[in-house]
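Enquirer: In case it's useful when we look at the structure, here is the feature table from TrEMBL:
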type: TRANSMEM; residues: 6-30; note: transmembrane segment
type: TRANSMEM; residues: 50-69; note: transmembrane segment
type: TRANSMEM; residues: 81-104; note: transmembrane segment
type: TRANSMEM; residues: 125-144; note: transmembrane segment
type: TRANSMEM; residues: 150-172; note: transmembrane segment
């Protein structure tokens, strides 16, 4: 029998977080049905506030690989990895002042549209292929890391944990679009902050 570090309350909180994430996707799928277009689905009608977008970006930047891997890196090799933070801040500043500004002014859906406008369709296709290869490999790690952690603390098999994580994320993303993704990130970051504060007290 698989061992678990979870109590009944822990399972309730975990299950509730999964259900609420799915409900956020359902809400935006239903509320956005009248405006079923590309701008709504992919861009949130370009009307999302700065705070939820910033929180969502933070959640994206701090992926499961970072969340689980960095503490191990610091434990075994010291805090040298923290030296990358100034470079990241500088890079974010440059990108937001250049690429993001151009992207926003041209009202593009993706960076690949800009590659086609700036160069030609072959460059656009090359960019898409390169990103898909990278994303496929990267997402394998991003999904496996939390699934492994979930398996260790709940007693579920790794395969079942991967299915649970993948299906829930795919569900709310597919039906709810960008608004669902952003507000689910806000919810999950908020839950993380609450639990971290609770454990710190």
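Going from the start of the chain as shown, residues are counted 1 onward.
Even glycines carry a Cβ here, placed using N, Cα and C.
Small disclaimer: the values here were computed from a predicted structure and weren't measured.
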Enquirer: Would you call the transmembrane segment (150-172) and the transmembrane segment (6-30) in contact, using three or more Cβ pairs under 8 Å, pairs 6 or more apart in sequence?
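Expert: Contact between the transmembrane segment (150-172) and the transmembrane segment (6-30): present.
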Enquirer: Apart from its near flanks, which chain residues at least 6 from the ends of the transmembrane segment (50-69) lie with a Cβ under 8 angstroms of it?
Expert: 141-143, 145-146, 149, 181-183, 185-186, 188-189
Enquirer: With a Cβ cut-off under 8 Å, give me the same-chain residues at least six positions beyond the ends of the transmembrane segment (81-104) that come close to it.
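Expert: Contacts of the transmembrane segment (81-104) (Cβ under 8 Å, skipping residues fewer than 6 from its ends): 70, 73-74, 111, 114.
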